[in-house]
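Features reported for this protein in TrEMBL:
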type	residues	note
DOMAIN	174-476	domain 'Phosphofructokinase'
BINDING	181, 245, 246, 270, 271, 272, 273	ATP binding site
BINDING	271	Mg(2+) binding site
SITE	272	site 'Important for substrate specificity'
BINDING	299, 300, 301, 344, 345, 346, 400, 452, 453, 454, 455	substrate binding site
ACT_SITE	301	active site, proton acceptor
């Protein structure tokens, strides 16, 4: 299907001017930009973990075709179909051993699953990806497939235990690995994966220490895991297994998986880690291995596509709110006090936006998705002048990836291939002090950077629940025979996604969304351009 520019209605140029996302936020955009981002993401992962297959291309849409909706749905169903071990192996299912009616895993001696319990998910169960029908592309936060905002149903696979499984639990060896940076809730997920595996009857469970590095470093041994070992690890932050960035090439990891005789590998990490998981999955398929690779999305920035939120985000916002409140107390207590808080968010400003909303104390919120001027009549510094004159104090919240155009570009990258950002917090601190000194107005500035404090805490109650369910569903997905998938929340329902779709691009705050508008209403800040 070749893309045809619409002959009537709002054209694509106007859609972009209105800030309309042609489903880029859901990873089902038809723009070459999103496809290029996906290619770059997999290539970046190949710098540490080489992929054996290129990412799937998304066809363009010809809106002049009267059957375009049908073709779109067919393409959507094809792309969101979950990879399965049956695709490469001639294997037969067996009745599940998982049941909440029995203290021990089900077997031939204690009844069939279908006779005992009705708590299983059917393979044809689906959850709706998009629940709002927008009447116009100019509606706030509109996500449109075509210029007329036509409604097209898009369904994704529901997560949960199945009646039939594709592994013999007593023969399974399962591995768990945590990659990237720390995030609240890692230990909760590890714990629940172990508990659920044991519920199926798996006895051989190991942790891979320090991320993908644990597959290649001869000095790092597997960590035996059981209910007794992980029972209380959720009471602390960090990762019980340790984390690291980067790692060996894909072939080396899969060689290690074969050598260790691992049948299921649960990979906890962000988009880069998931790109690596996809490469591992593809290499396992290439070798026709009966190995399920299942991801659990972990990003404190909440920047993974398709999902309502990722675990750790709520905890990060809660902790960030406490920091903002401290900055507010400092600013309010000083003569012409200004509080400046830098929060995490390399390319997405979700933490800054939600923390600003929840605290109610922020006067200026700056995020990577919304450009701003520092100088000039409409700039941030002039607005700070106004706040000091009218309120006597002000609090500014800035995401770490905001305003990078004002800073010297860094040519260095971290072990995951991410460009090392320059420090916008320190730059703002210097510019604010310089500005008020130049205009002869005293200002007492307090700068707080709580980055590592936020990500090292334990999960709060909300995140702990999410982590528990994600851990359970990861195990259910592996036993169902899926591989190359990840699990998450979509419109409050727990679902499975193909990894290819969640790493297509980074999720961003939409400047035209209702949530960003709510943040602006709360802060009262003007447009800084």
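Quick reminder: no glycine exception, Cβ is built from N, Cα and C everywhere.
Because TrEMBL annotations are produced automatically, they should be read as predictions rather than curated entries.
It should be emphasised that the depicted structure is a prediction, and the values quoted were computed from it without experimental measurement.
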Average model confidence [pLDDT] within the domain 'Phosphofructokinase' (174-476): 94
Residue 272 (ATP binding site) versus residue 301 (substrate binding site) - Cα distance in angstrom: 13
Nearest of the binding-site residues (299, 345, 400, 453, 455) to residue 246 (ATP binding site) - Cα to Cα: 299
Shortest C-alpha distance to residue 273 (ATP binding site) - which of the binding-site residues 299, 345, 400, 453, 455: 299
Distance check against residue 181 (ATP binding site) for the binding-site residues 400, 453, 455, keeping those with Cα within 10 Å: 455
Recorded substrate site residues 299, 300, 301, 344, 345, 346, 400, 452, 453, 454, 455, farthest C-alpha pair in Å: 17
Cα separation, residue 299 (substrate binding site) to residue 270 (ATP binding site) (Å, whole number): 5
Fewest-neighbour residue among binding-site residues, criterion Cβ within 10 Å, set 181, 246, 272, 345: 246
From binding-site residues 245, 271, 272, the one whose Cα lies nearest residue 453 (substrate binding site): 245
C-alpha spacing of residue 345 (substrate binding site) relative to residue 271 (ATP binding site), in angstrom: 14
